[in-house]
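As recorded in TrEMBL, the features of this protein are as follows:
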type     : residues : note
ACT_SITE : Lys164   : active site, proton acceptor
ACT_SITE : Glu322   : active site, proton donor
DOMAIN   : 142-240  : domain 'Mandelate racemase/muconate lactonizing enzyme C-terminal'
Amino acid sequence: MYSKIETLLVEIPTIRPHKMAVATMQTQTLVLVKITTQDGFVGWGEATTIGGLGYGEESPESIKTNIETYFAPLLQQTKGNVSSISNTLKKNINGNRFAKCAIQTALLDIEAQRLNLPLSEVLGGRLRDSIPVLWVLASGNTEKDIAEAKEMIARKRHNIFKLKIGSRKIEEDVEHVLAIKKALGKDISIRVDVNRAWSELDAIKGIQALQDGGIDLIEQPCAIDNIDAMERLTRKFDIAIMADESLMGPNTAYHLAKRNAASVFAVKVAQSGGLIEATEVNTVAKLAGIDLYGGTMLEGPVGTIASAHTFSTFETLAYGTELFGPLLLTEEILKTPLQYENFELVIPHSAGLGIQLDENKLDQFRIR
Ligand code: MUC
Ligand code: MG
(Lines of atoms letter the chains of each structure in order from A and count residues from 1; the text may use other names and numbers.)
(Lines give C-alpha, C1' and ligand atoms only; values in the text may rest on other atoms or scores of the structure.)
(Ligands and ions follow the chains in the order given, each with its own letter.)
Protein backbone atom coordinates (compact mmCIF):
# COMPACT_ATOMS: atom_id res chain seq x y z
CA MET A 1 0.00 0.00 0.00
CA TYR A 2 1.07 3.56 -0.61
CA SER A 3 1.69 5.84 2.32
CA LYS A 4 2.31 9.00 0.33
CA ILE A 5 1.70 10.28 -3.21
CA GLU A 6 3.34 13.65 -3.85
CA THR A 7 3.24 15.72 -7.04
CA LEU A 8 5.60 18.62 -7.60
CA LEU A 9 6.09 21.11 -10.39
CA VAL A 10 9.72 21.93 -11.13
CA GLU A 11 10.50 24.67 -13.65
CA ILE A 12 13.93 24.68 -15.29
CA PRO A 13 15.25 27.11 -17.95
CA THR A 14 16.31 25.68 -21.31
CA ILE A 15 19.86 26.20 -22.66
CA ARG A 16 18.43 28.31 -25.51
CA PRO A 17 14.94 29.14 -26.79
CA HIS A 18 13.45 26.01 -28.40
CA LYS A 19 11.30 27.19 -31.35
CA MET A 20 8.54 24.99 -32.72
CA ALA A 21 5.41 25.60 -34.78
CA VAL A 22 3.32 25.01 -31.62
CA ALA A 23 5.32 27.09 -29.10
CA THR A 24 8.69 28.60 -28.20
CA MET A 25 10.04 27.19 -24.95
CA GLN A 26 12.36 29.14 -22.65
CA THR A 27 11.74 26.84 -19.68
CA GLN A 28 10.36 23.35 -19.18
CA THR A 29 8.02 22.42 -16.33
CA LEU A 30 8.51 18.89 -15.05
CA VAL A 31 5.63 17.29 -13.16
CA LEU A 32 7.34 14.85 -10.81
CA VAL A 33 5.39 12.19 -8.98
CA LYS A 34 6.91 10.58 -5.90
CA ILE A 35 5.15 7.52 -4.48
CA THR A 36 6.27 6.08 -1.13
CA THR A 37 5.11 2.63 -0.04
CA GLN A 38 4.35 1.59 3.53
CA ASP A 39 7.37 -0.71 3.47
CA GLY A 40 9.69 2.11 2.44
CA PHE A 41 10.12 1.90 -1.33
CA VAL A 42 10.14 5.19 -3.26
CA GLY A 43 9.14 5.32 -6.93
CA TRP A 44 9.39 8.31 -9.28
CA GLY A 45 7.37 9.22 -12.36
CA GLU A 46 7.29 12.27 -14.60
CA ALA A 47 5.04 14.05 -17.07
CA THR A 48 5.78 17.09 -19.18
CA THR A 49 3.83 18.99 -21.78
CA ILE A 50 5.14 21.34 -24.46
CA GLY A 51 4.18 25.01 -24.22
CA GLY A 52 1.52 24.51 -21.53
CA LEU A 53 -1.57 23.47 -23.46
CA GLY A 54 0.06 24.23 -26.84
CA TYR A 55 0.72 20.60 -27.70
CA GLY A 56 -1.94 18.38 -26.16
CA GLU A 57 -4.92 18.33 -23.84
CA GLU A 58 -3.03 18.27 -20.55
CA SER A 59 -1.00 21.03 -18.87
CA PRO A 60 1.47 20.64 -15.97
CA GLU A 61 -1.09 22.29 -13.69
CA SER A 62 -3.95 20.01 -14.80
CA ILE A 63 -1.75 16.94 -14.34
CA LYS A 64 -0.85 17.97 -10.77
CA THR A 65 -4.43 18.88 -9.84
CA ASN A 66 -5.89 15.73 -11.35
CA ILE A 67 -3.36 13.46 -9.69
CA GLU A 68 -3.96 15.08 -6.31
CA THR A 69 -7.75 15.20 -6.64
CA TYR A 70 -8.61 12.01 -8.50
CA PHE A 71 -5.66 9.63 -8.89
CA ALA A 72 -4.18 9.72 -5.38
CA PRO A 73 -7.40 8.85 -3.46
CA LEU A 74 -8.08 6.00 -5.90
CA LEU A 75 -4.54 4.68 -5.58
CA GLN A 76 -4.77 4.70 -1.78
CA GLN A 77 -7.78 2.34 -2.02
CA THR A 78 -6.46 0.03 -4.76
CA LYS A 79 -4.40 -3.09 -4.21
CA GLY A 80 -2.73 -5.33 -6.79
CA ASN A 81 0.00 -5.34 -9.38
CA VAL A 82 0.78 -2.54 -11.82
CA SER A 83 -1.52 -3.88 -14.57
CA SER A 84 -4.51 -4.22 -12.26
CA ILE A 85 -3.96 -0.76 -10.77
CA SER A 86 -3.59 0.71 -14.27
CA ASN A 87 -6.86 -0.97 -15.28
CA THR A 88 -8.64 0.50 -12.25
CA LEU A 89 -7.31 3.95 -13.16
CA LYS A 90 -8.46 3.52 -16.78
CA LYS A 91 -11.94 2.42 -15.69
CA ASN A 92 -12.42 5.36 -13.35
CA ILE A 93 -10.57 8.17 -15.11
CA ASN A 94 -11.04 9.21 -18.73
CA GLY A 95 -8.20 10.65 -20.79
CA ASN A 96 -5.31 12.13 -18.80
CA ARG A 97 -2.76 9.89 -20.50
CA PHE A 98 0.21 11.94 -19.31
CA ALA A 99 -0.88 11.74 -15.66
CA LYS A 100 -1.55 8.01 -16.06
CA CYS A 101 1.93 7.52 -17.51
CA ALA A 102 3.60 9.40 -14.63
CA ILE A 103 1.77 7.26 -12.06
CA GLN A 104 2.49 4.01 -13.90
CA THR A 105 6.18 4.93 -14.18
CA ALA A 106 6.43 5.38 -10.40
CA LEU A 107 4.58 2.09 -9.78
CA LEU A 108 6.88 0.19 -12.18
CA ASP A 109 9.92 1.83 -10.57
CA ILE A 110 8.74 0.49 -7.18
CA GLU A 111 7.95 -2.96 -8.58
CA ALA A 112 11.33 -3.26 -10.29
CA GLN A 113 13.15 -2.13 -7.13
CA ARG A 114 11.22 -4.73 -5.14
CA LEU A 115 12.43 -7.41 -7.59
CA ASN A 116 15.90 -5.84 -7.63
CA LEU A 117 15.79 -5.61 -11.44
CA PRO A 118 16.18 -2.74 -13.91
CA LEU A 119 12.76 -1.46 -15.04
CA SER A 120 13.41 -2.76 -18.59
CA GLU A 121 13.35 -6.34 -17.22
CA VAL A 122 9.92 -5.88 -15.67
CA LEU A 123 8.65 -4.89 -19.15
CA GLY A 124 9.86 -8.19 -20.61
CA GLY A 125 13.54 -7.50 -20.91
CA ARG A 126 15.91 -5.21 -22.79
CA LEU A 127 17.36 -6.06 -26.20
CA ARG A 128 20.05 -3.36 -26.03
CA ASP A 129 22.02 -1.50 -23.34
CA SER A 130 22.08 1.88 -25.10
CA ILE A 131 20.00 3.64 -27.74
CA PRO A 132 20.84 6.25 -30.42
CA VAL A 133 19.68 9.78 -29.61
CA LEU A 134 19.30 12.57 -32.16
CA TRP A 135 19.36 16.30 -31.46
CA VAL A 136 16.71 18.85 -32.40
CA LEU A 137 17.95 22.04 -34.04
CA ALA A 138 15.40 24.68 -33.13
CA SER A 139 17.23 27.96 -32.52
CA GLY A 140 15.30 29.49 -35.43
CA ASN A 141 18.55 30.60 -37.12
CA THR A 142 20.24 28.63 -39.93
CA GLU A 143 23.85 29.57 -39.11
CA LYS A 144 23.37 28.94 -35.38
CA ASP A 145 21.79 25.55 -36.15
CA ILE A 146 24.71 24.55 -38.40
CA ALA A 147 27.26 25.55 -35.75
CA GLU A 148 25.29 23.68 -33.06
CA ALA A 149 25.11 20.53 -35.22
CA LYS A 150 28.83 20.60 -36.05
CA GLU A 151 29.67 20.94 -32.36
CA MET A 152 27.41 17.98 -31.49
CA ILE A 153 29.09 15.81 -34.12
CA ALA A 154 32.58 16.80 -32.94
CA ARG A 155 31.65 15.97 -29.31
CA LYS A 156 30.19 12.59 -30.40
CA ARG A 157 26.92 13.57 -28.74
CA HIS A 158 24.61 13.41 -31.80
CA ASN A 159 24.99 12.64 -35.50
CA ILE A 160 21.33 12.70 -36.55
CA PHE A 161 19.30 15.92 -36.50
CA LYS A 162 15.65 16.85 -36.52
CA LEU A 163 14.61 20.35 -37.54
CA LYS A 164 11.50 22.09 -36.30
CA ILE A 165 9.66 23.78 -39.15
CA GLY A 166 6.18 25.01 -39.99
CA SER A 167 6.11 28.50 -38.54
CA ARG A 168 7.60 30.22 -41.61
CA LYS A 169 6.62 30.23 -45.31
CA ILE A 170 7.22 26.83 -46.93
CA GLU A 171 9.91 28.23 -49.26
CA GLU A 172 11.80 29.74 -46.30
CA ASP A 173 11.57 26.53 -44.30
CA VAL A 174 12.77 24.45 -47.26
CA GLU A 175 15.68 26.86 -47.85
CA HIS A 176 16.64 26.65 -44.14
CA VAL A 177 16.50 22.84 -44.06
CA LEU A 178 18.40 22.33 -47.31
CA ALA A 179 21.13 24.79 -46.26
CA ILE A 180 21.68 22.71 -43.12
CA LYS A 181 21.62 19.46 -45.10
CA LYS A 182 24.22 20.88 -47.52
CA ALA A 183 26.47 22.10 -44.70
CA LEU A 184 26.40 18.75 -42.86
CA GLY A 185 26.75 16.47 -45.89
CA LYS A 186 25.13 13.35 -47.21
CA ASP A 187 26.14 11.03 -44.34
CA ILE A 188 24.22 13.00 -41.71
CA SER A 189 20.53 12.13 -41.48
CA ILE A 190 18.24 15.17 -41.40
CA ARG A 191 14.55 14.90 -40.55
CA VAL A 192 11.89 17.58 -40.11
CA ASP A 193 8.99 17.98 -37.72
CA VAL A 194 6.19 20.19 -39.03
CA ASN A 195 4.15 19.83 -35.82
CA ARG A 196 0.93 19.73 -37.89
CA ALA A 197 1.35 23.24 -39.35
CA TRP A 198 0.66 22.38 -43.01
CA SER A 199 -2.51 21.91 -45.03
CA GLU A 200 -2.41 18.93 -47.37
CA LEU A 201 -1.52 21.18 -50.33
CA ASP A 202 1.27 22.86 -48.34
CA ALA A 203 2.51 19.38 -47.45
CA ILE A 204 2.60 18.19 -51.06
CA LYS A 205 4.71 21.21 -51.99
CA GLY A 206 6.99 21.06 -48.95
CA ILE A 207 7.52 17.31 -48.88
CA GLN A 208 8.37 17.15 -52.60
CA ALA A 209 11.12 19.77 -52.18
CA LEU A 210 12.48 18.14 -49.01
CA GLN A 211 12.44 14.66 -50.54
CA ASP A 212 14.30 15.98 -53.61
CA GLY A 213 16.84 17.63 -51.27
CA GLY A 214 17.75 14.35 -49.53
CA ILE A 215 15.81 14.76 -46.28
CA ASP A 216 15.01 11.42 -44.61
CA LEU A 217 11.71 11.85 -42.79
CA ILE A 218 8.70 14.16 -42.41
CA GLU A 219 7.04 14.18 -38.98
CA GLN A 220 3.38 15.07 -38.46
CA PRO A 221 2.89 17.34 -41.49
CA CYS A 222 -0.89 17.84 -41.04
CA ALA A 223 -3.53 18.23 -38.33
CA ILE A 224 -3.99 15.55 -35.67
CA ASP A 225 -7.37 14.42 -37.04
CA ASN A 226 -6.49 14.70 -40.72
CA ILE A 227 -5.79 10.99 -41.13
CA ASP A 228 -7.05 11.13 -44.73
CA ALA A 229 -4.24 13.53 -45.65
CA MET A 230 -1.64 11.47 -43.76
CA GLU A 231 -2.79 8.40 -45.67
CA ARG A 232 -2.57 10.11 -49.07
CA LEU A 233 0.86 11.62 -48.30
CA THR A 234 2.23 8.26 -47.12
CA ARG A 235 1.05 6.69 -50.36
CA LYS A 236 2.27 9.53 -52.60
CA PHE A 237 5.84 9.94 -51.37
CA ASP A 238 8.81 7.59 -50.95
CA ILE A 239 10.15 9.60 -47.99
CA ALA A 240 9.18 8.30 -44.53
CA ILE A 241 6.06 9.98 -43.11
CA MET A 242 5.89 9.76 -39.33
CA ALA A 243 2.83 10.10 -37.09
CA ASP A 244 3.52 11.92 -33.82
CA GLU A 245 0.65 13.98 -32.35
CA SER A 246 -1.88 11.77 -34.20
CA LEU A 247 -0.56 8.73 -32.32
CA MET A 248 -2.25 8.64 -28.93
CA GLY A 249 -1.77 5.10 -27.72
CA PRO A 250 -2.58 1.55 -28.84
CA ASN A 251 -6.05 2.36 -30.12
CA THR A 252 -5.00 5.15 -32.48
CA ALA A 253 -1.95 3.08 -33.45
CA TYR A 254 -4.32 0.37 -34.63
CA HIS A 255 -6.45 2.82 -36.62
CA LEU A 256 -3.45 4.59 -38.20
CA ALA A 257 -1.96 1.21 -39.12
CA LYS A 258 -5.23 -0.01 -40.61
CA ARG A 259 -5.43 3.10 -42.77
CA ASN A 260 -1.75 3.03 -43.78
CA ALA A 261 -1.58 6.62 -42.56
CA ALA A 262 2.12 6.57 -41.59
CA SER A 263 5.28 4.66 -42.42
CA VAL A 264 6.86 5.38 -39.03
CA PHE A 265 5.40 5.79 -35.51
CA ALA A 266 6.91 8.20 -32.98
CA VAL A 267 6.15 6.24 -29.82
CA LYS A 268 5.94 8.37 -26.70
CA VAL A 269 5.27 6.86 -23.30
CA ALA A 270 3.16 9.85 -22.23
CA GLN A 271 1.13 10.00 -25.44
CA SER A 272 0.58 6.24 -25.12
CA GLY A 273 -0.75 6.64 -21.58
CA GLY A 274 1.97 4.52 -19.97
CA LEU A 275 5.04 2.37 -20.49
CA ILE A 276 3.00 -0.81 -20.88
CA GLU A 277 0.74 0.90 -23.44
CA ALA A 278 3.83 2.13 -25.35
CA THR A 279 4.93 -1.50 -25.70
CA GLU A 280 1.45 -2.25 -27.08
CA VAL A 281 1.99 0.47 -29.71
CA ASN A 282 5.26 -1.28 -30.53
CA THR A 283 3.36 -4.53 -31.11
CA VAL A 284 0.81 -2.88 -33.41
CA ALA A 285 3.65 -1.30 -35.42
CA LYS A 286 5.50 -4.58 -35.64
CA LEU A 287 2.45 -6.45 -36.90
CA ALA A 288 1.64 -3.73 -39.45
CA GLY A 289 5.21 -3.38 -40.74
CA ILE A 290 5.50 0.20 -39.51
CA ASP A 291 8.97 1.44 -38.50
CA LEU A 292 9.61 2.81 -35.01
CA TYR A 293 11.11 5.91 -33.48
CA GLY A 294 11.39 6.63 -29.77
CA GLY A 295 9.79 10.02 -29.17
CA THR A 296 9.92 12.50 -26.30
CA MET A 297 7.69 15.13 -24.72
CA LEU A 298 10.97 16.81 -23.73
CA GLU A 299 10.86 15.14 -20.36
CA GLY A 300 13.61 15.62 -17.80
CA PRO A 301 15.71 12.65 -16.65
CA VAL A 302 12.91 10.65 -14.97
CA GLY A 303 10.60 10.48 -18.01
CA THR A 304 13.59 10.16 -20.34
CA ILE A 305 15.08 7.13 -18.63
CA ALA A 306 11.61 5.56 -18.24
CA SER A 307 11.22 5.93 -22.02
CA ALA A 308 14.70 4.48 -22.59
CA HIS A 309 13.90 1.38 -20.49
CA THR A 310 10.72 0.96 -22.55
CA PHE A 311 12.34 1.47 -25.99
CA SER A 312 15.17 -0.91 -25.04
CA THR A 313 12.59 -3.74 -25.19
CA PHE A 314 11.51 -2.95 -28.80
CA GLU A 315 12.74 -5.49 -31.34
CA THR A 316 13.66 -2.80 -33.87
CA LEU A 317 14.07 0.94 -33.57
CA ALA A 318 14.82 1.83 -37.19
CA TYR A 319 14.83 5.61 -36.68
CA GLY A 320 16.50 5.69 -33.24
CA THR A 321 15.21 8.03 -30.56
CA GLU A 322 15.08 11.69 -29.56
CA LEU A 323 15.62 11.16 -25.82
CA PHE A 324 17.68 14.31 -25.37
CA GLY A 325 15.27 16.18 -23.04
CA PRO A 326 17.63 16.47 -20.04
CA LEU A 327 20.34 17.95 -22.30
CA LEU A 328 18.04 20.86 -23.17
CA LEU A 329 17.85 21.88 -19.49
CA THR A 330 20.30 24.16 -17.70
CA GLU A 331 20.07 22.27 -14.39
CA GLU A 332 20.87 18.72 -13.36
CA ILE A 333 18.30 17.18 -11.00
CA LEU A 334 19.99 13.78 -10.64
CA LYS A 335 22.84 12.98 -8.24
CA THR A 336 24.58 11.27 -11.17
CA PRO A 337 23.58 12.58 -14.61
CA LEU A 338 22.30 10.25 -17.34
CA GLN A 339 25.14 8.89 -19.44
CA TYR A 340 25.22 10.12 -23.05
CA GLU A 341 28.21 8.79 -25.00
CA ASN A 342 29.10 7.82 -28.56
CA PHE A 343 25.83 9.27 -29.88
CA GLU A 344 23.79 7.06 -27.53
CA LEU A 345 22.07 7.09 -24.14
CA VAL A 346 23.20 4.31 -21.80
CA ILE A 347 20.42 2.45 -19.98
CA PRO A 348 21.24 1.82 -16.30
CA HIS A 349 21.62 -1.69 -14.87
CA SER A 350 20.67 -0.85 -11.28
CA ALA A 351 17.23 -1.59 -9.87
CA GLY A 352 14.13 0.34 -10.98
CA LEU A 353 14.68 3.39 -13.14
CA GLY A 354 18.30 3.30 -11.97
CA ILE A 355 18.56 6.98 -11.06
CA GLN A 356 18.75 9.06 -7.88
CA LEU A 357 17.03 12.42 -7.64
CA ASP A 358 18.81 15.38 -6.02
CA GLU A 359 15.97 16.57 -3.78
CA ASN A 360 17.76 19.78 -2.77
CA LYS A 361 17.88 20.76 -6.43
CA LEU A 362 14.18 19.95 -6.81
CA ASP A 363 13.45 22.19 -3.85
CA GLN A 364 15.39 25.02 -5.41
CA PHE A 365 13.43 24.94 -8.71
CA ARG A 366 10.07 23.88 -7.37
CA ILE A 367 7.05 26.09 -8.15
CA ARG A 368 5.22 26.75 -4.89
C1 MUC B 1 7.62 16.80 -30.97
O2 MUC B 1 6.64 17.20 -31.54
O3 MUC B 1 8.29 15.98 -31.54
C4 MUC B 1 10.19 16.32 -29.41
C5 MUC B 1 11.40 16.85 -29.64
C6 MUC B 1 11.28 18.24 -29.66
O7 MUC B 1 12.15 19.06 -29.86
O8 MUC B 1 9.99 18.54 -29.46
C9 MUC B 1 9.29 17.39 -29.14
C10 MUC B 1 7.91 17.33 -29.61
MG1 MG C 1 6.90 15.77 -33.16
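Glycine is no exception: its Cβ is also placed from the backbone N, Cα and C atoms.
Note that TrEMBL annotation is computational and uncurated.
Here the domain 'Mandelate racemase/muconate lactonizing enzyme C-terminal' (142-240) has a mean pLDDT of 98 out of 100.
Mapped onto DSSP helix, strand and coil, the domain 'Mandelate racemase/muconate lactonizing enzyme C-terminal' (142-240) counts 51 helix, 14 strand, 34 coil.
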